[in-house]
Amino acid sequence: VCICHDEEKSEKHAFQAEVNRMMKLIINSLYKNKEIFLRELISNASDALDKIRLLSLTNEDALAGNEELTIKIKVSTQDKNMLHITDTGIGMTKEELVRNLGTIAKSGTSEFLNKMTEMQSEGQSTSELIGQFGVGFYSAFLVADKVIVTSKHNNGTQHIWESDSNQFSVIEDPRGDTLGRGTTITLVMKEEATDYLELETIKNLVRKYSQFINFPIYVWASKTETVEEPIEEDAEEPEKEAAEDEAEVEEEDEDKDKPKTKKVEKTVWDWELMNDIKPIWQRPAKEVEEDEYKAFYKTFSKDSDDPIAHIHFTAEGEVTFKSILFVPNAAPRGLFDEYGSKKNDYIKLFVRRVFITDDFNDMMPKYLNFIKGVVDSDDLPLNVSRETLQQHKLLKVIRKKLVRKTLDMIKKIAEEQYNDKFWKEFGTNIKLGVIEDHSNRTRLAKLLRFQTSNSDTVLASLEQYVERMKEKQDKIYFMAGTSRKEAESSPFVERLLKKGYEVIYLTEPVDEYCIQALPEFDGKRFQNVAKEGIKFDESDKAKEKREALEKEYEPLTTWLKDKSLKDKIEKAILSQRLTNSPCALVASQYGWSGNMERIMKAQAYQTGKDISTNYYASQKKTLEINPNHPLIKKMLKRVNVILFETATLRSGYQLADTKAYGDRIERMLRLSMDIEEEPEEEPEEPAEDDSEDKEDEIVDEDEDDESVRTLKL
């Protein structure tokens, strides 16, 4: 196909600066992997076909220009260095050609450039990035000196966009409407890229990257066929004529009407279908090879890595549908950006093999926003708007089954791979699921993993924790902190660890919310060791000893509660959890732990003041003291001495050392009133002059105007 146009009538444009920079980066970084250009152009063609097919569901005239929905690839027969990729998709108007191919949203381009630079510095492959960021069209310049885009939209005339990667021009096609509807991309290939004009190379690339595209892909190819050709009379040999004369008359009559032919091999050119494989989800799971699942995943998700896991199933009942779901190898970019409001486009909905949409928030709950896959149902209506479909009652049934199947798939991931890979990438999603998904909370709880005191390196499930619980232990103990080191060095875990109890360490901000959402696990309730409620199974002798200590320390606990710290604590009690620390502040069962208070205050600074935040933050705590700590013993001794001396005076007796008693009382008063230990020193007065005859001075020392005469000697 020769594309010629008047240079004077064409409009020349400069590429947006970001596009120029990005094209240079693509060309320089992907020069070793040029073949991806075909994958990207086919992918774009498929997107254009999806758009026109979706439009045709509500607009009968959308396909009037061309009812065919195909992608065709052809090496030019006139100019051997040209490659044409034609789709019958939605096409582009003149304005769209300029906007879509000459400019890119700065935010997306900037993110692409930053990510590519980062991956290059780390020595990672960048070939998959361009598809993820929607800039795959520009990969055409990896193999082409010039790119010509001819496009016809239903709402405009056919135009030609042409570029050599430095600038581009747009002109109305002088040939008129040759496409009916759609787009042809013509690549004028570089000398070093002529390998991509070989038919076998093109076929192999289509099979490698695009065999699961939802539209037929054809390649203009030749094949050798054996055909019957008529034999001309004058070409027959004389000997053959003589032999026929000797034949019987009857046979001559029979053969008289039959044309005489010969078999000849002939080269025939025609469109050869490249992706005639049945949609993979329509085939029985037992007939699909593992490599086919991986190839399909990479094609439809534009991911270069193999998935961690997949599940292929047919759901029957109220609604029948087929589905394949995948867990990606790594969390998608911006997984928690605009969490809950960002649309999830990883689940593609088909109705009777026709792609409908991936623009759904309701196909999966937001905590499973990383799952990728396809859903194909015969029970949903084809010709309804996306908004109507979102409210369709069957969609809720599909969602419920998808969630159950997804959790089954995750549960079957091998333990080592689950802990080392899945949990690192998607652990936060599972915790959010426990908080948000009441109906699946028990299933999700079994997927949780935590650091515990049992191992420095191996994560533990709640099932494993319960299996290791001590006899008569009725609670699951956990401690929250900013890090494992902080949690395991907390005074709250001292006695638990000493007695051999396993403690779960919560080190992520979402962890404590997650546990609060779980009332119990396997019949065992959770106990925050930074809150009230810790009790150990003890013998009668140990119980008697504890009660005796409580009575012995009653003067100190009463003094701390009623005198020394009466405005700061709710009460003071002897601790059962401390061994090395002298004391600790413990929250009530319904109060905030120190870790939760830190998180809530940080959130309050971001979102503004909250009445509930002030309420919980101002709640008084319980002071637990360690009766075995030397400091606490000394405090008890001092309180007992003061009580004894006070009782002595009240009873009419004299103290042996009244000065020591006075010092103790004064020290207590200073502490209770928060006064410095030592009195402040007054500045010395300047020395007076020694004059012989000094007059009397009258100094007014009283603010109430009372004059006191003072004679200075």
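Note that Cβ sites are derived from N, Cα and C of the backbone, with glycine treated the same way.
According to TrEMBL:
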BINDING   GLU40, ASN44, ASP87, MET92, ASN100, 106-108, 132-137, THR183, ARG386  ATP binding site
COMPBIAS  228-255  compositional bias 'Acidic residues'
COMPBIAS  674-706  compositional bias 'Acidic residues'
DOMAIN    33-193  domain 'Histidine kinase/HSP90-like ATPase'
REGION    228-261  region 'Disordered'
REGION    672-713  region 'Disordered'
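In three-state terms derived from DSSP, GLY136 (ATP binding site) belongs to a helical segment.
Counting every protein chain shown, 24 other Cβ atoms lie within 10 Å of the Cβ of THR183 (ATP binding site). Under DSSP, GLU40 (ATP binding site) is assigned to a helix (H, G or I) in the three-state scheme. In the three-state DSSP reading, THR183 (ATP binding site) counts as strand. For GLU40 (ATP binding site), the Cβ neighbour count at a 10 Å cut-off comes to 22, with all displayed protein chains included. Counting every protein chain shown, the Cβ of GLY136 (ATP binding site) has 22 other Cβ atoms within 10 Å.
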